[in-house]
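Colleague: Dropping a structure here in structure tokens format, bear with me for questions.
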Amino acid sequence: MSAVPGPARTRRDTARRDTAERPRRFAFTPVVAVYVALVVLLVAGSALVALGGGVLLDQGGVVNILTRATALGLVAVGQTLVVVTGSLDLSVAHLVGLCSLVAAETMAGSGTMVVPGVLLALAVAAVVGLVNGLVITVLGVNAFIATLGVALVLRGYLEHGYTGPAGSVPRSFQHLGYARVGPVPVGALLALLVAAAAWWYLRRTRGGYHAYAVGGDVDVARLSGVRTGRTIVTAHVLCSVAAGLAGVFLAARLGSGAPHVGTDAGYDLESIAAVVLGGTALAGGRGGVVGTVGGVLLLATLDTVFDDLAVDPFFKDVVRGVVLVVAVALYARRRPFRGAA
Amino acid sequence: MTRRPRLADGTAPVLVVLAVLLVALAFAGPAYTEPAGYLALFKRAAPLVLLAVGQYFVVVSGGFDLSVGALVTAEVVIAARLVAGDDANALPVIALLLGFGVLVGLLNGLITTKLLVPSFIVTLGMLLVLDGAVFLWTGGAPRGALSPSFRVFGRGGFDVPLLGQVPWSVVVVLVVSAGAVLFMRSGTGRTLLAVGDNDTAVRLAGGLVDRLRLVAFALSGLLAALAAVLLAGFAGVSAQVGAGLEFRAITAVVLGGVVLGGGRGSVVAAAAGGLSLEALFSLLNLLGVPGALESAVQGLIIVTAVAYAARSTGPRRASRARERGPVTP
């Protein structure tokens, strides 16, 4: 039910942008598709879990799905911002680990250091994003290689300096990971807030329009007077800060910083998967945050259903791979990616 | 005009880098004063060089193959299970492995070309599927064992006067590289390069774009399978052998000056990129850089190399590479 406002809003939005070619009627866009798939999965999953004698969508189940969706959601919303500009960020997974460490080590169990810890973690994230963006725009390095390079540098630092969890988070800060408002975890509210902010940025600000323009065709954007470099750098900084928030959230949940928390969950490729699942074109210029949120919820629900059914965890990877490819294949049938590529 | 040996576009820098690294190795470690040291290096580098050549075909045609690392793992695990320590099984199993590699490559290619899914997503999906399937099958600990005759390709060699023992893997790499060079000089190879540059033009000129892309993915799968055979022989069986190899192969290719997005770069340079990367790791080792920092150095090097390439080839190419990077079908 909660899914309904999302696609409607975007449908109206896309319709507004493309009035010339598209009549104002219900369009089966990828964003709609991903929420339909989510509803189908929730229904089918509830039925399957019920057959096994459990309940998928009781309070615990909802909390479970939302908690799973929180960290990936933060990273994926950030990733959306860069993918829309036609870039991508492979460094987010290591950045999540790094930021969890920065936050936890700064706090060192002291309640008074919570704010400096969070701010420092986000500042570190912003710097990493700035580096990503500048390497791409100023040095002219392909985004894939630039962010892979930064990811390797971060990995080297993490592996050299840490063998396991470090630092600790005061009890007061752990509320961020565990407190709830009714059935909704505070962390999920935070993620939703970030998603809303990202939606607002992309759809309601000049910077957002520029991001779509750059992703659509960087040369046309440049000739139209868009500062393409600045747009790409901004997107990378925002993406990294979102990943930093995910790191801070995970530190609150784990009670300490963990160097491999991001890579173990595969947030780099997983977040790109969620973005693409949500209908954002990897080529850039198309898609948005609403779809990404749907993609994240879909992946989180899939995980929870499999957990409730006690399916082998590795089978999840197989299904996830198939779902990803099938979903994108279905979108591609409708709107060929070819043109942009 | 006098005929002189011609290096393909962008090959020279990586060969210079490679030469510098090899000379530096000779100064850094006593093992590298004789051919044996270098042959050992080539043997270590062989799987990566094969993967780089395979990745080259896909990258130059405008795609990515992120599934090769997972494919290598899957091949090694399958090999251990099927060979089960029996020498008689070695050759049939190797044939089967190569077939499986081609099959996975064809599947990647078919989904990319027929279903119009970007290759980044296709091969990412394949990575997830293969990784999941391997763990599902083995529970994390591969069963079975390889036989000595299977492992001979990865660790064995034959004696040659003056050089000492020449590893079989070096022969394999040389044969594959020579084959790849010949392929890229053939009409098909040249058209493949053109597909990466401008597939619409190739299509309008009557080229079979989809079939060429399919060939590229199949070759990448085949060479990944071959790399797995060598790697299994050299390093043995584990469920982590292939982890991260896809990024390493892409790094090697890019280090060789091959432009992501396609259309530019030579196969020799890609192979040299793989060799350089391995030589770099050996050098870092000899210089006492901790293993954990290796990846940091690797990251700095590839960003520097690509930035240098983007500089020296002018803004047009740089902006092309940037805009087309992750974008290709």
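Using N, Cα and C of the backbone, Cβ positions are placed for all residues, glycine too.
Note that the structure is a prediction, hence the values are computed from the model and not measured.
Sharing the features that TrEMBL gives for it:
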- A:32-57: transmembrane segment (TRANSMEM)
- A:69-88: transmembrane segment (TRANSMEM)
- A:108-131: transmembrane segment (TRANSMEM)
- A:138-158: transmembrane segment (TRANSMEM)
- A:178-202: transmembrane segment (TRANSMEM)
- A:232-252: transmembrane segment (TRANSMEM)
- A:314-332: transmembrane segment (TRANSMEM)
Colleague: Considering only Cβ pairs within less than 8 angstroms, which of the stretches A:32-57, A:69-88, A:138-158, A:178-202, A:232-252 has the most against the transmembrane segment (A:108-131)?
Modeller: A:232-252
Colleague: If contact means at least 3 Cβ pairs within less than 8 Å, sequence distance 6 or more, would you call the transmembrane segment (A:178-202) and the transmembrane segment (A:138-158) in contact?
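Modeller: Counting Cβ pairs under 8 Å (6 or more apart in sequence), the transmembrane segment (A:178-202) does not reach the transmembrane segment (A:138-158), since there are fewer than 3.
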Colleague: Looking at the transmembrane segment (A:232-252) and the transmembrane segment (A:69-88), are there 3+ C-beta pairs under 8 A, with each pair at least 6 apart in sequence?
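Modeller: Answer yes, regions in contact.
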Colleague: Take the transmembrane segment (A:138-158) and find every residue of the same chain, 6 or more past its ends, with a Cβ under 8 Å from one of its Cβ atoms.
Modeller: 82, 87-91, 93-95, 97-98, 101, 128, 131-132, 229, 259-260, 263, 268
